[in-house]
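Comments concern the structure below.
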Amino acid sequence: MYWGRYIMQYDHILIRYGEMALKGKNMKAFVLRLQENIQSKLQDYENVKVKRTQGRMFILLNGHDPEPIIAKCKYIFGIHSLSLAIKEENEPENIKAAALYALKKNTAAKTFKVTVKRINKAFPIRSQEFNQVVGRHLLLNTSDITVDVHRPDIEIKIEIRHEATYITSSVVQGAGGLPVGTSGKSLLLLSGGIDSPVAGYLAMKRGVQLEAIHFHSPPFTSERAKQKVLDLAKQLTHFGKSMQVHLVPFTKLQQEIFRQVPDGYAMTIMRRVMMQISEKICQDQSILSLTTGENLGQVASQTMESMHVINEVTNFPILRPLVAMDKTEIIDIAKRIGTFETSILPYEDCCTVFVPKSPKTKPKRDKANHFEAKTDFTKLMNEAIMEVETIKITSNENAYVDLF
Ligand code: ATP
Ligand code: MG
């Protein structure tokens, strides 16, 4: 549509970042990180720019199709919601024209509502009055369209800010949470199961940047099982940038544990060894916490007593984002974030190859210490750490799922 001066179009995406507005002094760092994360996610789009103004962020589309860009933005934590926006000068006539354009663009709308927010008090017409002015203009220039302030088919929002006015007419929900990188780093213990990828996703949602560690036992566990874990990590990278995955050869340690430790305690000792190796990797990478997919009550290793004994070997905080969730809730998230289908592939895991017949559900610390002391696992642990294979995973555009 040509309006005399230029072709009017939705050439901006307005980003609202909800929760971050509450962050007081930290706010600046959070906003900068969000801007950086958006820029990095959109780096392949030439001339697409990400700008900040007070309380808002904007993506300048510079002619690019907004749909794929919005789809990508849905993966960025810290974005509360987004809207396609027309940017206009703070001139009443221009704003009225843009509002009419927005209304006509939505050919299905039979009812509308106008909401004016006047942040820039230098704008000469007060919100309520301008609301009516724009509403009248829209009614006069359309037919068969009426006002409905309660349940309109389209709500035209007009934000009059200092630098310009933004006109939007639809809101897309964002991923919420905090920008990845604002809450430090954690090492995700990533198995091939359903739970740990979901735990990783939820940690990332709170702004945590992840590296992952996976214990595998070749040749008892296959290449396919390893690839499955790398695929899960890849799916998680869509919510951030990239992820280092540390693959720990666990065969010798597992064999030794099952030779030396009574069956009931083998699982407990195995977990304790995993924790110690994970902590060592954290120290090498300056990571300050571990994240697991543990969930109270699910299996033998996840009773209160088990956690008590397994936790004894590390001083590191352990994030357990799933601790209070039902399995059905976890599965719902896994499906939504696109990890479920990979997680249920039937490839063996090191913990399914070496399964104790009757793991203790209520292990005791003194007994675990006693069995552990009888064998020196340090040498094997150090060897395993020496042989860690680290793979850097970056996100793959084609694997994006429609999130909402
Ligand atoms: P998941 O679905 O994540 O495998 P789970 O319900 O099978 O969890 P467990 O097997 O008891 O539970 O494992 C508990 C947690 O220990 C996992 O969520 C994961 O964080 C960690 N873990 C288990 N096996 C491995 C492994 N092979 N490599 C890395 N971490 C593991
Ligand atoms: Mg498992």
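A Cβ is built for glycine as well, from the same backbone N, Cα and C atoms used for every other residue.
According to TrEMBL, the feature domain 'THUMP' maps to 67-171.
The Cβ neighbour count for Leu189 (ATP binding site), using a 10 Å radius over every protein chain in view, is 22. What TrEMBL lists as ATP binding site is Leu189, Leu190, His214, Phe215, Arg271, Gly293, Gln302.
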Segment-level pLDDT (mean, integer) for the domain 'THUMP' (67-171): 94
Number of Cβ atoms other than its own within 10 Å, given for Gln302 (ATP binding site): 21
Binding-site residues: His214, Arg271 - member with fewest neighbouring CB atoms within 10 Å: Arg271
Summary of DSSP states over the domain 'THUMP' (67-171), given as helix, strand and coil counts: 35 helix, 29 strand, 41 coil
Among Phe215, Arg271, Gly293, the binding-site residues whose C-beta sits under 6 Å from ligand 1: Phe215, Gly293
